[in-house]
Amino acid sequence: MAHLLTNSPIGLLGRWLSGGRLLPPTEQQPGFQLPPPYRLAATRTQPQQQQEQEQEQEQAKPATRPPWNEPQITAEGAIQVGWYSSTDPDNPQNWSFGAKLLVYLEVNLITFMVYMSVAIFSAAEGEFRTVFGVSRSVTELGMSLYVLGYGTGPMIWSPLSEIPSVGRNPPYVVSVTIFLLLSIPTAVVNNVPGFLILRFLQGFFGSPGLATGGASIADVTGLTHLPYGLYVWAVCSIAGPAVAPVIAGFSVPVKGWHWSMWEVLWAAGGCFVFLLFLPETSGPAILHLRAQRLRALTGNPAFQSQSEIAVRDARPTQIVYDALVIPWKINALDPAILFTTVYIGLVYAIFYSYFEVLPRVYITMHAMTLGQLGLIFLGAIVGTLLVLPGYFAFTHWSLNADFRRGVWPRPEKRLVPALCGSVLVPVGLFLFAWTARPDLHWVVPTVGLVLEVAGMSLVIQCVFSYVAVAYLRYSASLFAINDLARAYLAFAAIMWSDPLYDRLGVARGTTLLAGLTVGCVGGMFTLYWWGPALRKRSRFASD
């Protein structure tokens, strides 16, 4: 597994300090020989007689050589650098289970930390409001501005991580380092404006873990196993804000509101250490570096990666247009994408409204402490795990069964679990709304919370899977704009939850939200049945 650290931050640092001796990449290791197809491709500019001698030498070698991949040669004479063979150890898809597990652990840890940092302030809001004498709305900005920051960040970080000359790791390293440094003044600041500005910046620089985490998992995971990996990643995104109130709920009443921010700093420090060992997972980025090394090794400028060949014909204005304009255009002109953006944003906003409504139910009505309230949030994790066996069974016995038969299932088949999930969302909300009463046991509304989060998990997972397949070319940009929409709606939800429940109460306020999700049930079934017709009419859907 040591060779995987070659392109990790610790590997790059070690190689720089050792003058290239420590953890050298494949092309710089002693005894490396250029694969025969690449040698032949490089000699095509040589005299014909020398080419024939090279070919005769290769044909005379034993037939036990590896099944090398033939490099493509463009009309301009560029040799496209790719994977040397189907078993190339530098290809992330060929890494060992242990190496892939390392990527999973580190990406999920970053995701957990960033989401945990959102909700950990919820337990400190009461004391923060008392200490600084500010209104509830100003206090809620401590959470909502963080959410706004991590929704805005992907508009920059996602396109950046897709550039092969950049890759996944630099955005991770730069952003987590800045996040860690920002967490120090955030933990000690003693004025409201400074704290709120720092919280927004924390969210902005924490967003790469959310924006590109799924892409990192996809880099090392085969198509048939990807739904399992992405669901585990989704569990971490729910577990972060669910565990945060438990951590802060027991410590803040004893140590003060600053303690919640110290806990963020410690978590960020742990993530930073683990991040140093995260290998580069982007295939195009790895091949970009390989092409640079081959040019240095052979002195032949014809060796180029596919990204270098493509960028020669790319216009900067077109790149910016595809990244920033096309997602908005698709949302405006494609009803399927518009519905999924609004629906995902709605259920996400409802989830964040829990941080305002649950204290009204469990502290005000059932006289729980902050720590006990934090334990209630763990029901969100139970909800995601509750539907995990069913989702995995559907993926294995239905979706992947088609792949095993050589059949490519239509994208709408990925929405089948979401049909059930879309029903669970309003059922859970209605149950929570009308059982959140002092005369009923607190377990009953908690069951509603569990059901709603279970449904939300299925909906989000299936919709993302559908968009990735049905709109393959624009999926990265669509996910970035979806992140933005979710964050902005969550920001709004945090801010309007208190006025909503002040005016309507818990029962009627939650019923209003449940009613909005009832309409989305019909939208989900419509997308499932009429999705193929909508895609045929779309200018943006994949064939």
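Every residue gets a Cβ built from N, Cα and C, even glycine.
Annotated features, as they stand in Swiss-Prot:
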- N94: N-linked glycosylation site (CARBOHYD)
- 24-71: region 'Disordered' (REGION)
- 101-121: transmembrane segment (TRANSMEM)
- 141-161: transmembrane segment (TRANSMEM)
- 178-198: transmembrane segment (TRANSMEM)
- 203-223: transmembrane segment (TRANSMEM)
- 230-250: transmembrane segment (TRANSMEM)
- 259-279: transmembrane segment (TRANSMEM)
- 335-355: transmembrane segment (TRANSMEM)
- 374-394: transmembrane segment (TRANSMEM)
- 415-435: transmembrane segment (TRANSMEM)
- 440-460: transmembrane segment (TRANSMEM)
- 476-496: transmembrane segment (TRANSMEM)
- 512-532: transmembrane segment (TRANSMEM)
Annotated stretches the transmembrane segment (141-161) and the transmembrane segment (203-223) touching (3 or more Cβ pairs under 8 Å): yes
Selected stretch (most C-beta pairs under 8 A with the transmembrane segment (178-198)) from 259-279, 415-435, 476-496: 259-279
The transmembrane segment (230-250) and the transmembrane segment (440-460) contact flag, 3+ Cβ pairs under 8 angstroms: yes
Close approaches to the transmembrane segment (101-121) from elsewhere in its chain (Cβ under 8 angstroms; 6 or more beyond its ends): 1, 4, 92, 128, 142-143, 146-147, 150, 172, 176, 179, 199, 202-203, 206-207, 209-210, 213, 216-217, 219-220, 229, 232-233, 236-245, 247-248, 260-261, 263-264, 267-268, 270-271, 274-275, 277-279, 281, 355, 377
Ranked first among 203-223, 259-279, 335-355, 415-435, 440-460 for CB pairs under 8 angstroms with the transmembrane segment (476-496): 335-355
Stretch-level contact, the transmembrane segment (335-355) and the transmembrane segment (512-532), CB cutoff 8 A, at least 3 pairs: yes
Mapped DSSP class for the residue listed as 'N-linked glycosylation site', helix or strand or coil: helix
